[in-house]
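Trainee: Just passing along the structure, written as structure tokens.
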Amino acid sequence: MAKYQGEVQSLKLDDDSVIEGVSDQVLVAVVVSFALIATLVYALFRNVHQNIHPENQELVRVLREQLQTEQDAPAATRQQFYTDMYCPICLHQASFPVETNCGHLFCGACIIAYWRYGSWLGAISCPICRQTVTLLLTVFGEDDQSQDVLRLHQDINDYNRRFSGQPRSIMERIMDLPTLLRHAFREMFSVGGLFWMFRIRIILCLMGAFFYLISPLDFVPEALFGILGFLDDFFVIFLLLIYISIMYREVITQRLTR
């Protein structure tokens, strides 16, 4: 009798599911997993094609003509980085490249000229994706101490000092996540990069995420909710990554006030 009741109950559960034979928990887990994978793929490959946004093409065209007339050094003597990457503003190979918080790369002088030339009331919008640029990250080394490089550093610090502390929405923080995490971990494992207190905080965050994954105590236990119970693990790790990106942005802001 008990066996018959159990079979009837399982049939009722199958009838209540959206797809017959597949539980709703599995469907939710599959949908969320595909959404996370799609978001990750978009974040990784959205910067492959660096085409100027149609709304910025006229401004970039005028700026490009001005830069060509003011260019003192020939293209052959420009210091080049990322030989397979071209600056979409000047159409030359990246010279003293600077990366925006949205992950697009430009010549340092080009993005600064784009800021100075345009009539911006606040932070500029990215010439490619139109996302608000609140942070400029240098990709070139600190070896060159020429006057032009020192002036470029000063302009970049000036821009970051003005706009890096602007409030960010949760969606904007998610869009900035790949770029900020890449720079944060690169500095973490480089000599003279991040100070030790910040490195310790990153390590503690990663250890906390690891122990939460292996801990049997969960907000949504796998024993009760099955595969759906793994979603809270991904959510906690995702929040920790956002927290690391926020800390890294604060570190950059603190450097500017020294």
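Easy rule for this one: first residue shown is 1, then count along the chain.
Including glycine, each Cβ sits where the backbone N, Cα and C put it.
Take a look at what Swiss-Prot says about it:
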{"type": "TOPO_DOM", "residues": "1-24", "note": "topological domain 'Lumenal'"}
{"type": "TRANSMEM", "residues": "25-45", "note": "transmembrane segment"}
{"type": "TOPO_DOM", "residues": "46-201", "note": "topological domain 'Cytoplasmic'"}
{"type": "ZN_FING", "residues": "87-130", "note": "zinc finger"}
{"type": "TRANSMEM", "residues": "202-222", "note": "transmembrane segment"}
{"type": "TRANSMEM", "residues": "224-244", "note": "transmembrane segment"}
{"type": "TOPO_DOM", "residues": "245-258", "note": "topological domain 'Cytoplasmic'"}
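Distances, neighbours, how buried they are, the whole picture for these features please.
Mentor: Mean pLDDT for the topological domain 'Lumenal' (1-24) in the predicted structure: 51.
Here the topological domain 'Cytoplasmic' (245-258) is broken down by DSSP into helix, strand and coil counts: 12 helix, 0 strand, 2 coil.
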Trainee: Quick test of the contact rule: Cβ under 8 Å, at least six residues beyond the ends. What residues does that give for the topological domain 'Cytoplasmic' (245-258)?
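Mentor: Here the qualifying positions are 135, 137, 157, 160-161, 164-165, 173, 176-177, 180-181, 183-184, 194-195, 198, 201-202.
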